[in-house]
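Asks: Encoded as structure tokens, here's the structure I'll be asking about.
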Amino acid sequence: MAAPVRLGRKRPLPACPNPLFVRWLTEWRDEATRSRRRTRFVFQKALRSLRRYPLPLRSGKEAKILQHFGDGLCRMLDERLQRHRTSGGDHAPDSPSGENSPAPQGRLAEVQDSSMPVPAQPKAGGSGSYWPARHSGARVILLVLYREHLNPNGHHFLTKEELLQRCAQKSPRVAPGSARPWPALRSLLHRNLVLRTHQPARYSLTPEGLELAQKLAESEGLSLLNVGIGPKEPPGEETAVPGAASAELASEAGVQQQPLELRPGEYRVLLCVDIGETRGGGHRPELLRELQRLHVTHTVRKLHVGDFVWVAQETNPRDPANPGELVLDHIVERKRLDDLCSSIIDGRFREQKFRLKRCGLERRVYLVEEHGSVHNLSLPESTLLQAVTNTQVIDGFFVKRTADIKESAAYLALLTRGLQRLYQGHTLRSRPWGTPGNPESGAMTSPNPLCSLLTFSDFNAGAIKNKAQSVREVFARQLMQVRGVSGEKAAALVDRYSTPASLLAAYDACATPKEQETLLSTIKCGRLQRNLGPALSRTLSQLYCSYGPLT
């Protein structure tokens with residue numbers, strides 16, 4: 001008789017380790033689906049992530065280690081768990097028993113952004129999800145602004161130059177190359193910890209930033225006395241700020257620790273031609289030949305904005321391979337009529353003007369070059385003429401029209417020689433990115449006037465088109481794709497609603513569709529502070545509130 005087959009004991013499948021959390025998330029998802037709220041997607045993603053987690057969770061705060069669990073959702077779970085325990089339910093959240101109660105309505109809007117990844121876990125004693133590292137520029141900025149906030153004689157804000165100087169005073173010896181590329185100041189602005197107002201920019205702490213800065217000061221053992229209540233602290237009570245953090249802040253602002261200064265006779269003015277103007281077919285190589293024929297000192301390099309700029313290049317640099325260069329306050333964008341026509345059709349026209357106005361150079365020239373017959377273009381001549389007129393009257397550009405490429409080269413040669421005479425005898429000094437220049441300061445009071453200019457590296461790096469963008473920047477670009485939304489209108493919209501989630505939450509809070517259509521109509525836009533208007537507000541509400549396909 002054959003021996004009986006011995007079968008191993010079958011391992012039972014584990015029960016759901018967090019049934020209460022699963023039940024509550026399911027309830028909230030179903031309720032959001034019934035009310036047609038977009039938070040249903042947040043709950044669904046969190047529910048899927050929770051079901052894959054094999055271990056029990058004791059609180060909603062512990063669920064933050066899972067994907068798609070943000071501060072708002074974890075707080076909702078903790079509040080629901082507390083209500084469950086108060087009503088006599090099991091104390092363990094993984095108990096199968098629970099209480100069926102509707103989700104708190106006041107918290108649904110808080111999880112609009114809960115699917116965003118948490119950048120850092122808080123340390124002991126900290127609240128919230130963001131806690132800047134000890135050797136980070138963000139920590140330095142918060143502490144410096146906190147000192148200014150505590151100063152009874154201060155303005156409770158700092159300009160960018162003042163902010164850089166305060167950080168440099170805390171660590172005057174910065175090792176070259178020790179800066180990291182993470183833009184600390186921009187990160188704090190996006191986290192709504194630092195507020196930027198006015199022009200030139202002023203930086204101050206928001207209520208959330210003030211709370212975090214106070215906890216940072218307490219964590220470092222700083223009291224009200226040694227945090228400093230004045231702009232100048234005693235030497236023995238200064239807080240040590242890491243050198244790398246100060247260098248990181250300087251790198252983010254696009255400045256050098258030692259400003260570049262070029263005295264008369266130590267530099268030459270030359271024309272920089274974008275490499276895109278020299279490649280390709282047609283008449284592009286002819287431009288360089290014309291410049292050479294006119295004996296214009298020029299160089300060809302990659303420009304991220306504009307087609308022509310002028311730089312003051314150091315003549316006797318310490319490093320011949322890397323001479324110091326300062327960008328003069330003039331930039332030229334060249335457009336042939338056929339290129340102007342195509343750029344208007346595909347939207348590049350508005351975007352290029354918007355980027356030119358933000359490049360840091362104040363004297364902008366729009367060079368329009370005739371090319372062939374106007375009747376062969378895709379747009380009528382009146383449309384092109386109106387676009388050029390708007391560029392001059394509304395955008396404030398200087399518009400120059402030329403007959404052909406030879407006349408364009410002659411105009412560039414004339415500008416080059418004019419700038420060489422204009423800056424002759426001037427002392428040039430670099431300035432931080434984002435601060436206004438003063439090319440005419442001291443022209444009447446000093447035989448050697450001082451001009452503050454951007455370095456070429458800062459100018460070109462600040463104009464990169466495809467650099468990493470925040471949600472706010474992407475949202476602004478998305479709004480500008482809507483017909484009628486200019487750069488100024490998009491800026492006004494993102495000042496009120498910085499993310500799509502905040503705009504959708506505002507739409508969800510409206511009682512009627514009519515209220516949704518007029519939600520944005522009273523937002524002030526532009527220098528004249530005119531209303532956005534009901535027509536554009538209705539268009540945007542249809543775009544963001546329609547669940548079906550747009551018609």
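The backbone N, Cα and C atoms fix where each Cβ goes, and this holds for glycine too.
Here the structure is a predicted model, which means the values were calculated and not measured.
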Asks: Looking at Swiss-Prot, which one out of ASP307, ASP395, ASP404 binds Mg(2+) 2 in the same site as GLU277, GLU333, ARG334?
Replies: ASP307
Asks: Pick from SER101, SER171: which does Swiss-Prot describe as phosphoserine?
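Replies: In Swiss-Prot, SER101 carries the phosphoserine label; others show none in the record.
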Asks: Could you tell me which three-state DSSP class ASP274 (active site) falls into?
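Replies: It is in a strand.
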Asks: Can you tell me how far the Cα of ASP307 (Mg(2+) 1 binding site) sits from the Cα of ASP274 (active site), in Å?
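Replies: Answer for this pair: 5 Å between alpha carbons.
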Asks: Work out how many Å separate GLU333 (Mg(2+) 1 binding site) and ASP274 (active site) at their Cα atoms, rounded off.
Replies: 10
Asks: Calculate the distance in Å between the alpha carbons (Cα) of ASP274 (active site) and ARG334 (Mg(2+) 2 binding site), and round it to a whole number.
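Replies: Checking the Cα atoms of ASP274 (active site) and ARG334 (Mg(2+) 2 binding site) gives a distance of 11 Å.
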Asks: Tally every other Cβ atom lying within 10 Å of the Cβ atom of GLU333 (Mg(2+) 1 binding site).
Replies: 20
Asks: So how many other Cβ atoms are close to ARG334 (Mg(2+) 2 binding site), meaning within 10 Å of its Cβ?
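Replies: 23, counting other Cβ atoms within 10 Å of ARG334 (Mg(2+) 2 binding site).
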Asks: Within a 10 Å radius of its Cβ, which of these recorded positions (ASP274, GLU277, ASP307) has the fewest neighbouring Cβ atoms?
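Replies: Taking ASP274, GLU277, ASP307 as the recorded positions, the minimal 10 Å Cβ count falls on GLU277.
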